[in-house]
Every structure is written in structure tokens, then in C-alpha cells.
């Protein structure tokens, strides 16, 4: 009897778990091999117990026929009931997989793909929404409650930011703007193009401004609530001689911004809208005059509302800020201190003689930073501005340099060049200064007093004056007609009476011979005098007459 020889099984009783199939062909190959190994092992076990077993090829054909029948029945039952366990005891139970058209669908699907999509859309439209003020936060529970109240697909797909009404834009315009920072003080205004939007978040909330640069940008470059704006006013012709329709916006703890619109109608419209939004419309009714009124001559106005004093230098009649009053008494007695004149006016004063006045200077109050000061000087015919910081004790700081006083700073820059970005090519030392004196006791208008009057010394280059009076202080504490005790640093200044007599004599002389005098009458200024040359005094007397 030919009986088959029983062969030991070459397969392990506990094979390793097969790797995940990459496709249907791999799936069938993998499970067919596993079923063949199991069938061969069972075949040899059965052959040992039963003599004369059938041939292996016959067993495989019968197994394939029966396998097809049982496999189809198991698949139909697995769709209706819970998934059954695999017939292989060594393999872990696997969840039944639905029918798929590709191998990518064989793995388990994500738990909530729609939820991830909705979260991503919500974040996207949140950034594009121009809704809330900076610092405002939204509560997640409120968002979910609002979304849950929406029926249908809008509740599941659309984010809350898209369904809420957008913030109302009250006013919008494309314009030019410039930041009034330290760089603008040195090199002039640098204009940029942007879009200014005034928005209202709703009743009970403060309006806020947004500045977009470039104009088509969706994210604002600057955004401030209107409640933080402390001043909004039109610029004067002296401040912006080449830009007519401009206004300045002063924001608390921020750099001042100058805006330029297209015409006067837009200027007045924006000023009215901003003043109404900030509540500054009634608090500063006479801060500045409109451009059309400032350019026309008219009757004399009060010192607070007059713009004539801006054309003549300082304005002692205007009440100063408390920050300025703390430090102005260190400078108000000196003839080179011009008080609160504009940057443009200071540049005009030091540029009158062009490159010949190289090193001529004056000291003025800062326009943008109240309580600070600016040294304006002539650099080869161009005006430069250097910011000064003055402490309550009179100490002065210029960039990284510290001085005991402003006079010590001027003495230092008389001997050493002023530190500038251009280096040795822009070497400049202080050589003289522009003088400003009060025209009469108690007068709010000032004029430039040239040093060719009343006596001229060609050797020393400075006048010999008979009086030792000091000009009235620019501070609010100076009374009309009161003469401050002299502190002679550069030269001696005449009394107000002598100045008035000299000015009256100049008016008579200017009628007969305009060029014989160092003044020129300006018809547009209604009798005021303006200096045209010889308005400087050398700084060489600074060391000689100091501490007298």
C-alpha cells in the first residue's frame, strides 16, 4: 500500500501578523498564502490520523469550491450583523471594512473630517473680518450658541464671522500720509499712500480709525480708537507750505500723523467727522483757523486765536503746557530761544543767508513732543533739526551726549562738530544764532531784531548796546512790563523802550530807502517787520560773556 509520507510542518504554529496590504491583489495574495499554510498543516495532521488520505490537489480543489460558498455567505452575514472573527486563531480580530474602489479607502476614516473643515473655515473668515477693536476677545460659548441657532447647512459649514453683519464704515478715503517722527524732522516729510477708514462697531462702542498701507491691504497698518485721539486740527501754511489740504492727528502715546486729502471739501468733512467722533469739536474751537481764513488779512484777534504771531516767531501770549513751563525758565531769557515756532518757520530763519550762514542756529520748542526742544541750524544752506531733551534741573541730552545745561551743549558744539549721519562730509560747528525779542512790553507779537542795529562793530561782529535788560520771559509767569534779572551769556539786550524807539525809527527810514535798512516792510503782514539779512551774531562771545 502506497501511503503518503507524513511530513513535519515547516511553518510556525504562531506566524507573525501579516503586513497591511497595499491593494486588492496584495490583499488576495496575502490571505491566500495564509489559508494555504493553514490548510497544509491541517492536511498533514489529518493524514497522520487517517490512513489512505486523498491527494493534495484533490483536497485543494474541493477546499476552493467549499471556500467560495462559505466566503460569500460570511460576507452577506457580516453586512447585516456584527463582524465575525477571523477563522485564524493567531490573527487579531479586525473590523469589517466596507467595499471600496481603491486601496486608499481601506484604512479607517477620520472621526470628524467635517469638524476640522468647519474649524479651518472659521479661522479663515475670522482673520478677514474687520470687526472688533484691538484687545477685544470673543467667547467660544457665544460663538457655538450663535452657530447652533442657525438651521440647515449654514449651522454646520459657515463660520460665525461670515454670518454676522460687518462693521459699518462711516467714512473712507485714499490719501497720502506722513509720520511726524525724528526722521521727518531731519530729512523732511516722507509721504506714503494709504487708505483711511473711520468705522463704527455699533451702538454703545467708540468709533475707531484704521490706516491701510497699501490701500488695497486687508489688514490695517495702524488702528486706534477715537477715544485715544487727543487733538485733530488742520495744518497751517507755515507748517505745510507745499501741501495745502493737510491735517494732523495726535494720538496718545503714538507718533503724530499728517494726512493730505484732495481738496478743501474733503479736509473740512474729515475734520468735522473726526471731531464729532472724538468729542473734541467743542473743546478747541479756536485752535487753528481754516486755510482760507489764515491766508487773508483781517482785524487783529486775541492772542489765543491769532495766527499772526506764527509769522513773527514766538508767541509769548499763548499759555504753555505744564511740561513746557517746568523747563522753559531755563531758556526764556536767552535771545536764541524762539519758543513755540513751527519747524518750517525755524528753517526759514536759519536759511535766509543761504550757505553763507553755515553754522547759524536757534533753539525752539518741539511741535510733536511737548516738553522737548529742537536745535535748528544751517548746514551748507540747508536746515537741520536736532532734538534736545531737557530735564527739570536744566540738564541737556543730545543723542548719546549729556551736558549740565543747554549753554554747555552750545559751547561744546562751537568747538566740536555736531554728530550727523553723513559723517565728516557734513562737518558743522555753531557760529552764530538768530535773535528774537519782544516788540513792546506785554505784546504778543515778536519780530526779529538784527544785530546791525543800533551800532555795528565790524571787528567784533556784534552790537554795542547800552542796556543790560533781558527780554521778557516766554513763560506764563512773566508779567507785562516786568524785566527779568539779567543773565548775560552771549550779549547784552536793550530795554523794551529802546527797542520800540528803534523800530519806529526803522519804519520811517524804510519809506525813503528800503535797502539802507536791514528790515523790509511786508504789506501782507499789516505793518509787521521781517528781517532780510544781518540777523545773526557770532557765537565767539559765548565764552567771554558767560557767567557775568
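Here the Cβ of each residue, glycine as well, is placed from N, Cα and C on the backbone.
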In Swiss-Prot, which of these is labelled phosphoserine: 13, 103, 309?
13
Between 128-160, 161-193, which stretch does Swiss-Prot give the note region 'Disordered'?
128-160
Under Swiss-Prot, which of the candidate ranges 47-77, 78-108 is annotated region 'Disordered'?
78-108
Listed residues 17, 302, with the one flagged phosphoserine by Swiss-Prot:
302
When you get a sec, could you say which of 242-265, 266-289, 290-313 is annotated region 'Disordered' by Swiss-Prot?
290-313
